[in-house]
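**Q** Here's the feature list from TrEMBL:
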BINDING   Asn60, Leu189, Ser193  Na(+) binding site
COMPBIAS  418-429  compositional bias 'Polar residues'
REGION    401-447  region 'Disordered'
TRANSMEM  21-42  transmembrane segment
TRANSMEM  54-75  transmembrane segment
TRANSMEM  177-203  transmembrane segment
TRANSMEM  215-234  transmembrane segment
TRANSMEM  246-267  transmembrane segment
TRANSMEM  287-313  transmembrane segment
TRANSMEM  333-358  transmembrane segment
Amino acid sequence: MVAPPPPQLDKMLDPQVWREAATQVFFALGLGFGGVIAFSSYNKQDNNCHFDAALVSFINFFTSVLATLVVFAVLGFKANIMNEKCVVENAEKILGYLNTDVLSRALIPPHVNFSHLTTKDYAEMYKVIKTVKEDHFSALGLDPCLLEDELDKSVQGTGLAFIAFTEAMTHFPASPFWSVMFFLMLINLGLGSMIGTMAGITTPIIDTFKVPKEMFTVGCCVFAFFVGLLFVQRSGNYFVTMFDDYSATLPLTVIVILENVAVAWIYGTKKFMQELTEMLGFRPYRFYFYMWKFVSPLCMAVLTTASIIQLGVTPPGYSAWIKEEAAERYLYFPNWAMALLITLIVVAVLPIPVVFVLRHFRLLSDGSNTLSVSYKKGRMMKDISNLEENDETRFILSKVPSEAPSPMPTHRSYLGPGSTSPLETSGNPNGHYGSGYLLASTPESEL
């Protein structure tokens, strides 16, 4: 951290940088994947979601700052090690030139000690030799051994964890211990992320279609395993680049925009704020109203538009190693890869318009045999007018108590129109809200 890389402020004008920053926030907070919504569905009705959101955001912010310090500290440590190695190798070359009279000893400053050569002494010696041997300097094959050059060589993406950090840890004291701890951390981060992502996939499908939870989860994991084999081939890194840089970022921004518009403009920001007030017990700051309705969708729309324009101006490509040239070059994706890329982007966003059309034209059931739930004065009310006759005395959300969303204490449920005596039940169909179902016709004085 003594010599951090100089900031490149011109990158602030690159929309790709802002899109990557937004994607990092989405990945770090789990936004747009459905995992946060799935986990929050198990909260109580009066859960302080305002405090939770603020706490998670601040934890994520400070964790990101800490991770930045750690990453640059490790990369700086690695750069110093490599720079010292460069100085030693080039010092041996200079000694060889001195012994063969290619270089005169008069070129070496008197205070330079080859047994304890510092980077500063080498830089001074390198400058003198370059000045004197200007015409024949390139033939000597000496490197400047600058720390900035080593920092510029730092890899990114998967190479940062599996190449740069791994190489740096080989120089740590007790390197086997730190290597084990580092890769255990990577495994835990990966498992934690996948658990949240899998919850965002399985929870809505299980709740909607009532499929067996265990079998469906196993099926999703097996399917993901076979898809993951694509990335462990010799060409797997190119597919990782395709998924990470394009198919996993652009659709995510579109999904988040649509979520924002659905809540702020279609459902209504005022209605959403009112329900938050009833749940929290206090009215959220007016600041959120303008952020949800104007600032957030506008910023995301501008960012997405700029990203699409940039993709049109600069065709998608990847960095490839050309074996014959022993060099790395930026190549454009072939036609089949572009077709696959477009397919991945479309498939990721397609369910939103498809479900909209099916629901709008009533081609898909909108859950006419499920409970219609709304909040009123801190209580959860239901409309049972849409229940079938044979379902009037049954729980809708789960037939077996063990399938309830969360193991909450039991509550009373008032079942059947006109019923005057409540039924004690062992399974709360709405246990994840901490409240039983109430008949819409039940007076509040009886509660």
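From the backbone N, Cα and C atoms, a Cβ is placed for every residue, glycine too.
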**Q** Is the number of Cβ-Cβ pairs under 8 Å between the transmembrane segment (54-75) and the transmembrane segment (177-203) three or more, considering only pairs separated by 6 or more positions?
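**A** Contact between the transmembrane segment (177-203) and the transmembrane segment (54-75): absent, because fewer than 3 Cβ pairs are under 8 Å.
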**Q** Going along the chain, which residues at least six beyond the ends of the transmembrane segment (287-313) come within the CB cut-off of under 8 Å?
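**A** Distal contacts: 15-16, 18-19, 22, 246, 250, 253-254, 256-257, 260-261, 263-265, 269-270, 272-273.
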**Q** Can you say which of 21-42, 215-234, 246-267, 333-358 has the most Cβ pairs under 8 Å with the transmembrane segment (177-203)?
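**A** Comparing 21-42, 215-234, 246-267, 333-358: 21-42 has the most Cβ pairs near the transmembrane segment (177-203).
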**Q** Test of understanding: applying the rule of at least three C-beta pairs under 8 Å (pairs 6 or more apart in sequence), is the transmembrane segment (333-358) touching the transmembrane segment (246-267)?
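**A** Counting Cβ pairs under 8 Å, at least 3, so yes.
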**Q** Write out, in the order they occur in the sequence, the residues of the chain not among Asn60, Leu189, Ser193 that have a C-beta within 8 Å of the mean position of the C-beta atoms of the recorded Na(+) site.
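**A** My list of surrounding residues reads Phe27, Ala28, Gly30, Gly192.
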**Q** Excluding the flanking five residues on each side, which residues at least 6 beyond the ends of the transmembrane segment (21-42) place their CB within less than 8 Å of a CB in that stretch?
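**A** Tertiary neighbours of the transmembrane segment (21-42) are 49, 56-57, 60, 63-64, 193, 196-197, 199-204, 248-249, 252-253, 255-256, 259, 300, 303, 405-406, 432.
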**Q** I want to check the contact list for Leu189 (Na(+) binding site): same chain, sequence separation of six or more, C-beta distance under 8 angstroms. What comes out?
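**A** Once residues fewer than 6 apart are set aside, Leu189 (Na(+) binding site) is near nothing.
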**Q** 10 Å Cβ neighbour count around Asn60 (Na(+) binding site)?
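**A** Summing over all protein chains shown, Asn60 (Na(+) binding site) has 14 other Cβ atoms within 10 Å.
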**Q** Quick one: give me the count of other CB atoms within 10 A of the CB of Ser193 (Na(+) binding site).
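**A** Looking across every protein chain shown, the total is 15.
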